[in-house]
Amino acid sequence: MTGDRRRGIHLSKLYSFSLIRSIFRDEHSQIGQKGYSRVVYCNDPDNPKQLQLKCSSNYVSTTKYTVLNFVPKSLFEQFRRVANIYFLLVGFASFSPLAPYSASSTLAPLLVMIAATMTKEAVEDWRRKKKDIEANNRKVEVYGRNHNFQETMWKNLRVGDLVKVYKDEYFPADLFLISSSYDDGICYVETTNLDGETNLKVKHALNATSALHDDHSFLQFKAMIKCEDPNEDLYSFIGTLCYEGQQHPLSQQQILLRDSKLRNTDCVYGVVVFTGHETKVMQNATDPPSKRSKIERKMDKIIYILFGILILISFIGSVFFGIETKNDIRDGESKRWYLRPDNPNILYDPKRATLTAFFNFLTALMLYGYLLPISLYVSIELVKVLQSIFINQDPDMYYEETDKPTHAQTSNLNEELGQVDTILSDKTGTLTCNSMEFVKCSIAGISYGRGMTEVERALAKRKGNVLPGVGYTSPDIQSFADEYMDSGKSCKGFNFNDERVMNGKWVHESHAYVIQKFYRVLALCHTAIPDINQETGEISYEAESPDEAALVIAARELGFQFYERTQTTISLHELDYQSGQIMDRSYKLLHVLEFSSVRKRMSVIIKNVENQLLLLCKGADSVMFERLAKDGQVFEAATRDHIKHYGEAGLRTLVVAYRELGEEEFKSWEDEFLKTQTLVTADRDVLMDAASDKIERDLILLGATAVEDKLQKGVPECIEKLAYAGIRIWVITGDKMDTSINIGYACSLLREDMKQIVITLESPEINDLEKQGDKEAIAKASSASITKQIREGKSQLNSAKESSVSFGLIIDGKSLSFALDKNLEQSFLELAINCASVICCRSTPKQKALVTRLVKMGTGKTTLAIGDGGNDVGMLQEADIGVGISGVEGMQAVMSADFAIAQFRFLERLLLVHGHWCYRRISMMICYFFYKNIAFGFTLLWFEAFASFSGQPTYNDWYMSLYNVFFTSLPVIALGVFDQDVSARLCLQYPLLYQEGVHDIFFSWMRILGWMLNGVISSMIIFFVTTNSVLHQAFRRDGHVVDFEVLGVMMYTCVVWTVNCQMALSIDYFTWIHHFFIWGSIAFWYGFLLVFGAMSPIISTTAYKVLVEACAPTPIYWMATLLVVVSTLLPYFSYRAFQIEFRPTYHDIIQRRGSDGSETRKKIDPVKDNFGEQETLLAK
């Protein structure tokens, strides 16, 4: 659309675009009171009064840290973890004589872990800082003291500055719109960054300032704005403009918000009202709720258990040490003379055995600290980040049509994807495309449109290929569908085919005059903007919703082309049914009564060339039929019947009506309406709705429209696969019940073999009470009715327990409001969770969030919410996992979600493949971490028992410090990132495998305790087999026996070999990275011994040349290592071999089939298996 043609568009008379008059009334009395104290001196930012207000600068920072607070704040974040506090205290204590090892060896690994985490935090924050720098340094033109516009950076803007913003630029702050390049002061704004909506918004300057078109007109411009204080409400603004001695009310129509973009307008002039963190977008920039996975919360409990074990064994050891110390002197003689009891110190004093035991307890707390894995947290964070990268780069979850890959916006919940018990889904835009197509309509009681929707195909299949409803003549579904696909005009938004009205043939219909009025309403009753392609002459429309665009396109395709909108007119190329010719007609546009979720309708008031005043209206049937005049109900029965059939076909319907207005009636109403428009009160919208309602009465029914929102590709197959995986699926939608039920059948949410439990308040008794208007009686009767229906539903479930019948629960929004009452919510939840599918109809955004919370808190299991619009944000943030679909409704849901996908079908792979892999990897990784640390830490305990719990460590200080950092950490990271128990194809082929995560098979307390027990057993075998192999015989050829240093190296070597080989036994999918890390870690241990042992004895101490001179030349060292490692691994190997052969799990069966190459899925039987809750099992 060119600027010249746009310049002729004047929309200042439209309610949609402006407050028609600038009338200041008493309602502005709240200006100046609390919450409304902001004063802006326009084009005078240096005014002393302005400077006294000390408004925020326009510098914006979204970083978590600053240069000054990074170190203290980051350290605080690190030491919020209990384990890190413990290691820090141990590090400080290592400087005391109590420490069993040197301070440097203790602090080094802690510093490495803290430094790694702080580096990660710094890198992430630096990325945010770079974005802030880019935004703050953007350029904008500001009106200066030399009376011209000069470029400056965003961060230098001040409240009161006059700025000039050009086309396709972002607004640098919240601005008051003075004027634009259009004569009447309108401009077009894209708000995707604010609310996610992709349609353009129209803003309108006040008539008092819209004439200020050029730079020179601001030479003497001065004004003052009094308005509300900074707040987060994007959709309202209250203020007044004091200009040239008059006061003008301001609304949201005159406010341009920061980070929205100027579109299709050459330039605008504006005054800065809010800056920096006071702007509305920054006021809304709150952090999403903090979510932690169930595994992470359980991991904290395990840490506490290990702390308990640590304290227990330290206490037991100190008691034994105190007893032994007390008994060292008997009858004046020293029992252990070599300890020199005659020369006591703080660690050993037989005369003060109790105090010595206490100090030994502190020493033991430090010594056994290796039971706690110091690198666990940082390793898990690294693994989750790498997992997220693989999720983001999965080509099978990339949507080429919109060039959008899957994006994990947080890595904290990767494993939670593998434990989802219930999915709560929106419908429109989530299961469907939210790309509306006009497919059917009812005019004058006759249904038009021979197309077949996906829902109708599902209905026909259920009913034996007999098509319901009107307008169908052929029993052959496939041929009918083929005929439909091959005929008709292909046009986005228009999928209508009916030879009775296509190509102008509607003029021959007996009720052609009604058809003319019907399509004329579609062409005129909207707020769309025409956009003419200057090269091709084709017209497209920018509308507020896909539904509205589809109706305008339908009118165009059927002979009523909307092509121009000016200040007071809408112009059409329309087909005249009397002459059969295309004629140009213009209609004077007087008012637009906008659509809202409360009104559920919109109207326009026009005057035609015959000087008739007409009100054209379209809206939901629930509010339209009650507004019909007695003589306007001629087609009501037939239209209602058609709407019912359209709803059953999964279509979205609107009722179309009109009425003629008298001059006096219109004038009287307009005066009241204009007065209401100028109000600046909190209840202004309510009063506007009431004023609109007064004239939207006595309508004459013309018909109804039906548009289709098609299911996304692969939705039925995805839902079916998720159902086979044992995941319960709830759909929470605002659609009518009939539409929702039939959409449920089309997408396989409901199946033919299901029994339906329907909870509704659509009963004669409730309707009678509603007519009487007694709200208390209505509420009481409604609550009793819902209670009864829930009780009856539960009895149906109980009676069908013995059979394999599954149930689907359907409940409407009105009933849901009572079911969510505290007295009923538990009964409702018990009923719902025992149904295979649940559909909540006519639900509000608040109800979506409440239902999600009820399921999450009531079941205690993982919930996943998925949606695409701003009305789904509450649901996404309330669920354990929020998944946003980057669809037609913008990015608001995506910005609030934990994961973003482009199509619903990608949810199948996200959960069944990546969710399963991540859950198993993280579970195995954590279990292995605890295993390897217990296996290592308990060797210290057994040695201490042989050494009278004296606090003498078995190993060199640096052996212990580097255990978790270098010798065992990399293999476990490789496990967490690359391991695959089964391939992606098998995960999808056998969805029942997903139940391992739902039932927490790999991270159950039995599994965790089993790995801990394995660690204890491994430590016992390592210590006792090693000591018994070498202590009672010569170790070297020269007859020397094993000394303390050599025994430590031998045991440590066995530990390193054992835990790494245990990793090799646990891995199901080997890559070269696994081999490199596992065998490389073992080789690194020997390399470390060589290098560290070659250093000065002052540094290496007990490791000095211990490998080269003592261990490596001795065959028994290598033989004992082999014997100990094999003996240690044998229990686990035997257990797994027995389990796989004689008691295989479902997991083992699939792995065997995969290894045998028999990956072809034969059959799925609806039987119970050993998971209890699962409904399918492999056919043998």
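Along the chain as shown, residues are numbered 1 onward.
The backbone N, Cα and C atoms fix where each Cβ goes, glycine too.
Note that the structure is predicted; figures quoted are calculated from it, not measured.
Annotation comment: TrEMBL describes Asp426 as active site, 4-aspartylphosphate intermediate. Asp426 (active site, 4-aspartylphosphate intermediate): 28 other CB atoms within 10 A of its CB, across all protein chains.
Annotation source TrEMBL lists Mg(2+) binding site at Asp426, Thr428, Asp868, Asp872. Counting every protein chain shown, 32 other Cβ atoms lie within 10 Å of the Cβ of Asp872 (Mg(2+) binding site).
Take the CB of Phe595 (ATP binding site) and look out to 10 A: across all protein chains shown you find 22 other CB atoms. Taken from TrEMBL, the feature ATP binding site covers Asp426, Lys427, Thr428, Glu548, Phe595, Lys618, Arg652, Thr733, Gly734, Asp735, Arg842, Lys848, Asn871, Asp872.
Sequence annotations record features per position, and here TrEMBL assigns domain 'P-type ATPase N-terminal' to 40-106.
Annotation comment: TrEMBL describes 894-1145 as domain 'P-type ATPase C-terminal'.
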Residue among binding-site residues Phe595, Arg652, Gly734, Arg842 with Cα closest to the Cα of Asp868 (Mg(2+) binding site):
Gly734
Could you tell me the C-alpha distance between Gly734 (ATP binding site) and Thr428 (Mg(2+) binding site) in angstrom, no decimals?
9
If I take every residue in the domain 'P-type ATPase C-terminal' (894-1145) and average their pLDDT values, what number comes out?
90
Using all protein chains in view, find how many other C-beta atoms are within 10 Å of the C-beta of Gly734 (ATP binding site).
19
Between the binding-site residues Phe595, Arg842, Asn871, Asp872, which lies closest to Asp426 (active site, 4-aspartylphosphate intermediate), Cα to Cα?
Asp872
CB within-chain contacts under 8 A for Thr428 (Mg(2+) binding site), separation at least 6:
Asn434, Asp709, Thr733, Gly734, Asp735, Asp868, Gly869
When you measure from the Cβ of Arg652 (ATP binding site), which residues in the chain that are at least 6 apart have a Cβ under 8 Å away?
Met436, Asp547, Ala706, Val707, Glu708, Asp709, Asp735, Thr739
Rounded inter-Cα distance in Å - Arg842 (ATP binding site), Asp872 (Mg(2+) binding site):
14
Just to be sure I understand the packing, how many Cβ atoms besides its own are within 10 Å of the Cβ of Arg842 (ATP binding site)?
20
